[in-house]
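Data first, discussion second: the structure below is written as C-alpha cells.
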Amino acid sequence: MTQGKIIKVSGPLVIASGMQEANIQDICRVGKLGLIGEIIEMRRDQASIQVYEETSGLGPGEPVVTTGEPLSVELGPGLISQMFDGIQRPLDRFKLATHNDFLVRGVEVPSLDRDIKWHFDSTISIGQKVSTGDILGTVKETEVVNHKIMVPYGISGEVVSIASGDFTIDEVVYEIKKLDGSFYKGTLMQKWPVRKARPVSKRLIPEEPLITGQRVIDTFFPVTKGGAAAVPGPFGAGKTVVQHQVAKFANVDIVIYVGCGERGNEMTDVLNEFPELIDPNTGQSIMQRTVLIANTSNMPVAAREASIYTGITMAEYFRDMGYSVAIMADSTSRWAEALREMSGRLEEMPGDEGYPAYLGSRIAEYYERAGRSQALGLPEREGTITAIGAVSPPGGDISEPVTQNTLRIVKVFWGLDAPLAQRRHFPAINWLTSYSLYKDSVGTYIDDKEKTDWNSKITRAMNYLQRESSLEEIVRLVGIDSLSENERLTMEIAKQIREDYLQQNAFDSVDTFTSFAKQEAMLSNILTFADQANHALELGSYFTEIIEGTVAVRDRMARSKYVSEDRLDEIKIISNEITHQIQLILETGGL
C-alpha cells in the first residue's frame, strides 16, 4: 500500500506524487472522500490516475492511497437480474445505503449481496482431484440460470472438505489441499481483473446462428453464436431498438446489456419493459437471464471506459460455465470518446479526429474476447460470447475512426440508414450496404439441420432487391410505365419483400418476434408467388391481370407477419392458394 499526494486535478484525471511503489492498473482511493481511481500512467514517482467518480472539490495536497489490486469484478451468485454501474456498484443497494437518488461520492457498497443465502448443491466428493475450471457444484440462481461454481484460476489439488447447504457468498464452502501442501478455502464468489481476458482451453469456429427473431437480420445478415456485429447509424435510425430487440429475443442463455454513455431514459425503458416480457425459449421473464450495466451520459466519463470491460468479464465468466452469452454495448462511440478525453488530458499524441493512436487496438481487445471456446476444467463444455456493439458516428458518417476500426474487426455490419428511417421502414437496416461474413456458414448449417434450401432462397430474394435498386433510377426518370412486364413484376416482388417481410414492428406483440419456421414460411410464399407470376407472364398473361387477380392472396401474405406462431399452418397453406389463383388467371386470360 502506497500513500502519495495530489499535485494536479484536471477533470477526471488526477496526478499524484510520491507513488514510486505503485503499479499501473492499481486501484487507488483519491482524496479525503476516498474516490475510486485507477493508475493509467507512471512517470518517475508521479502517477496519473483516472478517477471513476466526480472530482469537483478535490485539491492539491490531499492523500492518495493505493490498494495494490487491479480493477476487478466480483463473480458469483447474485449477478443475474441486477443493475450495476460501470465499476460494478449495485445501483439498488447503493440507493438504500446512501438514501440518495444520485451516486454519492466515496461510498463503498459490496457488488454482490453478502446477506442472501444461496443453496449450494455439491457435484463432487471429498478426496477428488480438481484443477482450474472444474465444476464443484451448482446454485439455482433464477428459474432459468443454474450458476455453476468453478475452481478459481491457478488453483488445483485435492478436495478435503465440501458440503451442500445454504451459504452466503463469503462463507467457506469447500477446501482444497494444493500441490504445494497449503490449503485454499473457497467461497461461492471469485474476483477477476476486468482488463485481463479469462483463459480458455481452446478456441473453436462459430457455426450455430444466433436467432434474434428480427427477419432482416436472421435472413440476410445473420450473426453466429460467438460472432461479433456492429450497428452503426445516425441519430434516430433505431440503433437502441435493434439492440433491445436482440437482447429480448436472442436464443442465448445470458444477456449482458451495457448502457455506455447513452441517455438514462433508454436504461429506464429496459427496466420497465424487460420484467414484463416472456422469453420465448424458456417461458420465464427475460430479466431472469439478464445483467444490466448502466453508465449513462450524466455519469462520470471515466467510468464509461471501465463499463465495457466489466460487461465482457461477466460474459466470460458465464461462458466458462458453458453458457451462450450475448453482450450488447450501446454505444461503443461514447466509450471511445471517454478514451479520447483521457488521452487529451494525458497530453498524448492524437490520431484521427483527436482519438488516441491506440483506439484500434483497444476496440480489437474488446471484440476479440467474444467467440466460441472450450472452457478449462471438467466436465468438458463449450460456451460462446456474441458481442454486438452500437456505433454512433456524428452525422451518420461511417468513415470516422470508431466505425472504421470496428468494421475492420467485426464480421457483421448492420448499417442503419437515415432515409429508410425517415420513410418509417424499421428496422432501418440497409440491405444493399449491410453484410455478414457468416452468411454462407449459417446457410449451410441451416440447410443441413432443417433439410431446406435456405441458402438459395435468400440469394434469390436478395437478387430481387438488388434488381429493384437498379430499376428505381429509371422509374424516377421516366416513370414505371416505361418498364417491361417482367421488370414491373420484379418491382412488385421486391416491394413485397421490403414491406411484407423486412419491415417489422417492434411494438406489436406478434410481429416483434418471428421464429425461424415462420420466417421460412413467409419467404417461401413470396418466392412461390414470384415463380408462379413469372410462369404466367411466360405463358402470355399480363402484369395487370396477375396483380388484379391476386389481390386477396397478396393481402393474406402481407398479413402473415401478424399471424401468431401457433397458427403457422395458416401461413403455409397460402402457397397453395397462390398456385390456385395463378391457375385461374391462366384459364380466364392470357393466350
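First residue shown is number 1, and so on along the chain.
Just so it is clear, glycine is given a Cβ too, placed from its N, Cα and C backbone atoms.
Per Swiss-Prot, these features apply:
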BINDING   Gly233, Pro234, Phe235, Gly236, Ala237, Gly238, Lys239, Thr240  ATP binding site
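Counting neighbouring Cβ atoms within 10 Å of each of the binding-site residues (Gly236, Gly238), the lowest count belongs to Gly236. The binding-site residues examined here are Gly233, Pro234; by Cβ neighbour count within 10 Å, the least packed of them is Pro234. Other residues of the same chain near the ATP site, with their Cβ within 8 Å of the Cβ centroid of Gly233, Pro234, Phe235, Gly236, Ala237, Gly238, Lys239, Thr240, are Ser392, Leu416, Ala418, Ala421, Ala428. With a 10 A radius on its CB, Lys239 (ATP binding site) counts 25 other CB atoms from all the protein chains.
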